[in-house]
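TrEMBL has this to say about the protein:
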DOMAIN    345-458  domain '1,3-beta-glucan synthase component FKS1-like'
TRANSMEM  492-511  transmembrane segment
TRANSMEM  531-549  transmembrane segment
TRANSMEM  561-580  transmembrane segment
TRANSMEM  659-680  transmembrane segment
TRANSMEM  724-748  transmembrane segment
TRANSMEM  1478-1503  transmembrane segment
TRANSMEM  1524-1547  transmembrane segment
TRANSMEM  1619-1638  transmembrane segment
TRANSMEM  1748-1768  transmembrane segment
TRANSMEM  1780-1804  transmembrane segment
TRANSMEM  1810-1831  transmembrane segment
TRANSMEM  1851-1871  transmembrane segment
Amino acid sequence: MRSRARVFENWERLVRATLRREQLRSAGQGAGRAAAGLAGAVPPSLVSTNIDQILQAAEDIQDEDPNIARILCEQAYTMAQNLDPSSEGRGVLQFKTGLMSVIQQKLAMKDGTAIDRQRDIENLWKFYLSYKRRHRVDDIQKEQERWRESGTFSTEFETRAVEMKKIYATVWALIDVLELLVRDSATDGVGRLIMEEIKKIKRSDATLREPTRYNIVPLDAPSLTNAISFFPEVKAAISAIGYAPDFPRLPAEFIAPQLRRPDMFDLLEFVFGFQRDNIQNQRENVVLTIANAQARLGLPVEAEPKIDEKAITEVFRKVLDNYIKWCRYLGIRIVWNSLEALNKNRKLILISLYFVIWGEAANVRFLPECICYIFHNMAKELDAILDSPEAVPAKSCTGSDASVSYLREIISPIYETIAAEAARNNNGKAAHSAWRNYDDFNEYFWSPSCFELRWPPKKDSSFLRKPKKGWKRTGKSSFVEHRTFLHLYRSFHRLWIFLFLMFQGLTIIAFHDGHINLNTFKVVLSTGPAFFILNFLESCLDVLLMFGAYSTARGFAISRLIIRFFWFGVSSTFMTYLYWKLLGERNNSNSDSTYFRLYILVLGVYVAIRIAFALLVKIPACHTLSNMSDRWPFFQFFKWIYQERYYVGRGLFEKTSDYARYVLFWLVIFVCKFTFAYYLQIKPLIQPTNIIVELHDLKYSWHDLVSRGNRNALTLLSLWAPVVAVYLLDILIWYTLLSALVGGLMGARARLGEIRSLEMLHKRFESFPEAFVKNLVSSVTRIPQDRQFIQGSQDMNKAYAAKFSPFWNEIIKSLREEDFIGNREMDLLSIPSNSGSFRLVQWPLFLLTSKILLAIDFALDCKDTQADLWNRISRDEYMAYAVRECYYSAERILHYLVDDEGRLWVERLFRELNNSISEGSLVVTITLKKLPLVVSRFTALTGLLIRNETPDLAKGASRAMYDLYDVITHDLLTPNLREQFDTWNILARARNDGRLFHRIRWPEEPEIKEQVRRLHLLLTVKDSAANIPKNLEARRRLQFFTNSLFMDMPSAKPVAEMMPFSVFTPYYSETVLYSSSELQVENEDGISILFYLQKIFPDEWENFLQRIGRGGSTDDVIKDDSSDMLELRFWASYRGQTLARTVRGMMYYRRALMLQSYLERRYLGGVEDGYSGADYINTQGFELSSESRAQADLKFTYVVSCQIYGQQKQKKAPEAADIALLMQRNEALRVAFIHVEENVSADGKVTKEFFSKLVKADVHGKDQEIYSIKLPGDPKLGEGKPENQNHAIIFTRGDAIQTIDMNQDNYLEEAMKMRNLLEEFHGNHGLRSPTILGVRENVFTGSVSSLAWFMSNQETSFVTLGQRVLAYPLKVRMHYGHPDVFDRIFHITRGGLSKASRVINISEDIYAGFNSTLRQGNVTHHEYIQVGKGRDVGLNQIALFEGKVAGGNGEQVLSRDVYRLGQLFDFFRMLSFYISSVGYYVCTMMTVLTIYIFLYGRVYLALSGLDSAISHQAKMLGNTALDAALNAQFLVQIGIFTAVPMIMGFILEQGLLQAVFSFITMQLQLCSVFFTFSLGTRTHYFGRTILHGGAKYKATGRGFVVRHIKFAENYRIYSRSHFVKALEIALLLIVYIAYGYTEGGASSFILLTVSSWFLVISWLFAPYIFNPSGFEWQKTVEDFDDWTSWLLYKGGVGVKGENSWESWWDEEQVHIHTLRGRILETILSLRFVIFQYGIVYKLHLTGSNTSLALYGFSWIVLFAIIVIFKIFTLSPKKTDIQLFLRFAQGIFAIGLIAALVVVVAVTNLTIPDLFASLLAFIATGWAILCLAITWKRLVKSLGLWYSVREIARMYDAGMGMIIFAPVAFLSWFPFVSTFQSRLLFNQAFSRGLEISLILAGNKANVQA
């Protein structure tokens, strides 16, 4: 029997271990408070029940009563069986099996007695009663009731919270099981007692059961363990939303809540049918919003706290501001008559109504004015219901079945229409004009006609009409995003007209030799007609690009288009006619100049009117006058014609002073630009132009078709075109230069870079406490309460240091936790508390180390007076501090250690020394030479005292004390004093009796212990502090933080009064936490992530090992310990771009708030009692303070929107377990996700329901669902990220929201400044309060490689200097996807944090800035706070990222937001906006186009023969202008102007020498190659997007890039974007060199085209130069094999492009899918034909023959070559003719060669002619190939597609070989690979890396 019991015992242990292991795996390696054993193994499909609680109770009482545990387990099994009889759920079968095994073991009682199941109920009831009695459940319940009634919070209950919850959970589990067991036998005695107990428990107000779910504030039931409910403002807010007496009574059928009183949200739920969870969510939102508004008022707390009217009115105005503006714009009456007429309850219920409407609106939240429309009508309904005696359901939300549902009746119809329209976009491939996007739906409500929709909305209205084939669909609203470059002209026509007119005017002046007279003036007046004609072109574009919206656009908008069209048409005709007449008068010497005067009059009047309207509409100072002029219809009409009036974009003006600043900025640019253009671009071309125009009878070397009789127009075009191109793009150059200068000056003024080294940090450390207290400490704690304590500057400094020390030490502690510093460095960097009785300010030891030893050296060398010695010491103020502290500490410690005679000796000794110091005779009193001896004795004593006391140590300390006495008395003191001490009777007696220092009082008080330890370190640490901390990142962080203390920032409010805020992170499926296998798996080079990190961060690795107590351990030792392994996973993840890193960083906000709140000592009716000022700065355990945690939760919320978390959980993906682990480790973390439920109807049809859910970790570490809000359908109708943000934004809280990407980080010291940053919302930043606060970023990935460094510097330059200038003075900073802080209420009432329409909003973040600006927001930028940011580190990642951004900018060109900003900004602000957004990419593209324009122009001159013909007759061909143009283009191309802001940033923040060194280093690392390559990436994707579309989100991957990229992969990525274009330019250059004319020969050509050659080399070889191991021979061989197999592998269905050339080639053609795109591609492809046309006539064979037939014959030759190619590539399927075919091909090849030799020998055909012909035919062949691809369907129908594909394969093979050959050649030389590794990873080398060995896979050598 005993053996049987042992078997069962072992079996149970095995089952439990298995289940626990399963549970640990699902919970993320066992961290967190996971439920134990069986309870933790409940499958997800059973989690909704209380099975896990029952099994947990069974676990807890197993040792108390195994029989009761058995009853509970059996009941749990029964429940599981009833729920899932067939065990279909995931993991249910295994769970049941394990549970049954445990039950069987329990049934086998050890004594063999049978189990009487009839007594189970009785036994369970007895156990229940005894359990309640033992744990005093009833007494605790009564005690809790008393605390609740008192309204105060109990810290006692908080400390017992976990134990109480466990007891209550067990009680409820017992009750639940009893209820189930007695259900059928409730009539007997025990059954009746049990049912009465159950009723009694359920009638109680949930004191036994914590609210099953709440987010931040437990509103549905009181909580005694959460202090937030006891805050006065929260209490007042909860009371304020209560059910008011003047509200209608709720009907009898309304089920009142059991655990709280009804409130206004219950009324809204009943009336409109809002979802219960939406109501709960918004109830908490409103409570927190008004509670925080109340707290900000800073009013004294009353006995019965109430919400002040001001707080409610403030929230009311802010929440309903957009609604009020909407009503005024449409001219409709607001729901309420006046704000003053509304009482508090009406305001609150309207606020609540708006929030619940918004909270359940799903995708309709992107339509803010639609929300206004819904709110307007529902508020009117509510108003009527509030005036009735009894509440009734609203008719608009009542369905045909009488059920009430807001979602079904209001939101779903709108959603379904939006979804139907979104489906028409064909996954982003359809034209934007073919479907209505979110903006189109929203803009329907910008017109009073929206009320035709009626209420409730008519299902048959045009707005809700769903698109169907063959049916008339509803058109676009007021803008159509046609895909065309013409949008650039339309949006920014004022810029282009200005540049054109200036160029025209400057050119006219230049042609008149710079003489400005009446004649010149008359010619310059030609700009008048040009102005009208250009405006007419813009009005034509307005008419053309509105197609698609005429049927639905507002009548006023269409009328304006037509009026403008006719006005500019007529006016341009009239002005042209007038000017024509003026020119006639100019040529007629007898004219009376009538037309001239008339022209001047008309033009003058028009200009005056335009200036007047510009002043009225655009100039801030005249805006009041503009508003007054609106009263007169005349002015109103012309203002309307001048500028369109939209709901958005009104009032886009700034303060006059701000306006003057950015006008001055642009005037400086224009002066520089036009001076440069006139003297170096236009004027040098005048003389050559005049000569060329006069040249006649030029001889063409080809058959000229177009150039005769047009005065050499094409020649002039080829000459002027590059200059014009640079004229258009150099505005970017001048902007860059001036913005760098202005940004640098502003940065210096803002005190950036004042502390940029450790030396500077050391020197200024003394001033940090005061600066910290004044900026970062709130007024509550800034001034010490005890005024007597502050008597002088020294005491003031000590007071500041006392305030500063807890914060500084917490920062140092966080650096230690992050492993940037070790334990020793932490000791040296920590600052003493400065709160005790010690008189001096105590500074961190790293400032004082070795100072005492240096001071002793000074003393030993001293031959002068005490004053001279002290002067020498005081030159180093920290040395003086160290000497003072050492002296006073020694006195205090010695006085503490000894008593009786010893203490008398100490007192007399220091009295004598003090007297000597005051008399200036110390050098006479003591023997300075003996100081080292005294120090050695003293350190021996302190070395003993810092250890724990033992008898032996006590004896040693006595001896050491006596030795110290002996040395001081007999060696240090002068003979006179020595004699006095020796003859002192008291001392002599004690010495003779052996009592002197016999007993030492060991240091036990914390202050004395700290002082002894500190003095010991002060005397013994000899290292210099110059390199502490050693870690570069720790240095950077401390330098930036301390520097920021001296920057201008708002004062910090107390935590209770600060603005509340949320942090919001969208997440999809990126890495959450590196798994142990991911860390250890090795790549093809034998490198694992862990190994790589150990070498990249060696000091941090050592610190990590030290922290976990594994110093000197190997990886294998760590792997054996699960907790250490988990720490290792986090350590590695914190060094990657992972969600874990982001979450840790963002949770620093909460930690900072808890610390700040803790130190502010906010008393809350008993909370935190017992603290006094003496231990004020003791922060130990602040994170456990209930009040501090509650205060932080009131002010801070962190929501991570993990879109597919639900699916990941179902699939048991490791990401889900890791996210759960993060929730367990961070109690304030909330995760929102989209949950999908599939329902199968009776007919077998599967339908899906979507829910937006919010979860947190419960006390057991499991997911606890807080809210679940049903959605009308799939929320992903548009772009993924904004849709992900939108579904979860309803769970955010506060007045501000910070958007954080998943690759960002934060730091504790920066989190401490968040209070200051949030106060910027109330600062003075112009006419309007800020709506977006821009935040500086630190790119933390810069040290990985040279590429990462380039990218980091480029990004840092933009997010600091670039955005600094954009925000001020230019006032055009937008939101760029960085960690900006949004005004939450402003943005959620205006469409959200981004836009989500498919493709057009691919760069979703920037549209938040556009939207905010258009809606009269204000975007600022602040650099005293920073957030970490990860960036792409490999070339392919960078290229994908830049392609994504460039494609997004291409889509922005088409967008209505850019159009409206371009139209509605004043001229100078429009210039800033253009150059900082799409204009940057336009100028980038122009940089590349300049090369094309120049080379095609030169090739035209060379091939036509005009080059030499003109050069013979005109020596000057405008070389000065061309040189200026090409040099400017080259400098842009290689990134010099990109680097200028970068260099300025270096100078500002690192110093001049470091800036120069960094710039030179970047050049040596080929940064110019990188920037030139990036230029191509941006140009390709920007141009292709506007031409064809196809912009899409590209996942770049954020891993560590040390992997070698295969040749084929690089070829696939860059073939069409870089390689093809580079080879085209190379072809142009070769033709230019071969046939161009110059006196200097080929070398002159190369010098003239050096920028082009540099571009060709960069575009062809950058992917291989920056490819790890790119020139290693073995890798090159492998790459060649991989490339050839990829090239020859056949494609097919399902074969990806990465596996087959054919599949990749097909994928590359997808973007050409519209007729317009095909036509444009055809036009562009025809440029390649020029090569064949020109080269044919240059062959020796053709001589001087220019017959057109010759060109025709060349096509016959080309056709013959194609036929020959077909013959040689013919591969028949029949095997019997294979041999014959090969023989025939061989004979044909021999004959072909022989024929070629004969032709060369007999005719004038030469070998160079053959190569020239080859170049010509290659270009023509490529043109044919491009055309065949463009017209693919036609070619396929002709049966030629196979041949086209084979020719394309040959072209790709040829291009690949051209690129591969140099790579292979260089790979022969081993030093090239070494040099490349050095080049790539130089930054890593500077930190002691051996990356070349890593990349070579020589892991053993590195480890050795």
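Cβ atoms here come from the backbone N, Cα and C positions, even for glycine.
Within the chain, the transmembrane segment (1851-1871) has long-range Cβ neighbours (under 8 A, six or more residues past its boundaries) at 1607, 1611, 1615, 1619-1620, 1623, 1660-1661, 1664, 1670-1673, 1675-1676, 1680, 1683, 1687, 1701, 1705, 1821-1822, 1825.
Secondary structure counts, DSSP: the domain '1,3-beta-glucan synthase component FKS1-like' (345-458) has 78 helix, 3 strand, 33 coil. Tallying C-beta pairs under 8 angstroms between the transmembrane segment (1810-1831) and each of 724-748, 1478-1503, 1619-1638 places 1619-1638 first. Simply put, out of 531-549, 659-680, 724-748, 1478-1503, 1748-1768, 1478-1503 has the most Cβ pairs sitting under 8 Å from the transmembrane segment (1619-1638). Among residues of the same chain six or more beyond the transmembrane segment (724-748), those with a C-beta under 8 A of the stretch's C-beta atoms are 499, 503, 665, 668-669, 672-673, 676-677, 681, 1360-1362, 1364-1365, 1368-1369, 1423, 1471, 1475, 1479-1480, 1482-1483, 1486-1487, 1489-1490, 1493, 1524-1525, 1528-1529, 1531-1532, 1537-1538, 1540-1541, 1543-1545, 1547-1549.
Below 8 angstroms of C-beta separation, residues 703, 1732-1733, 1736-1737, 1742, 1785, 1788-1789, 1792, 1813, 1816-1817, 1820-1821, 1843, 1846-1847, 1850 of the same chain, each at least six residues beyond the ends of the transmembrane segment (1748-1768), sit close to that stretch.
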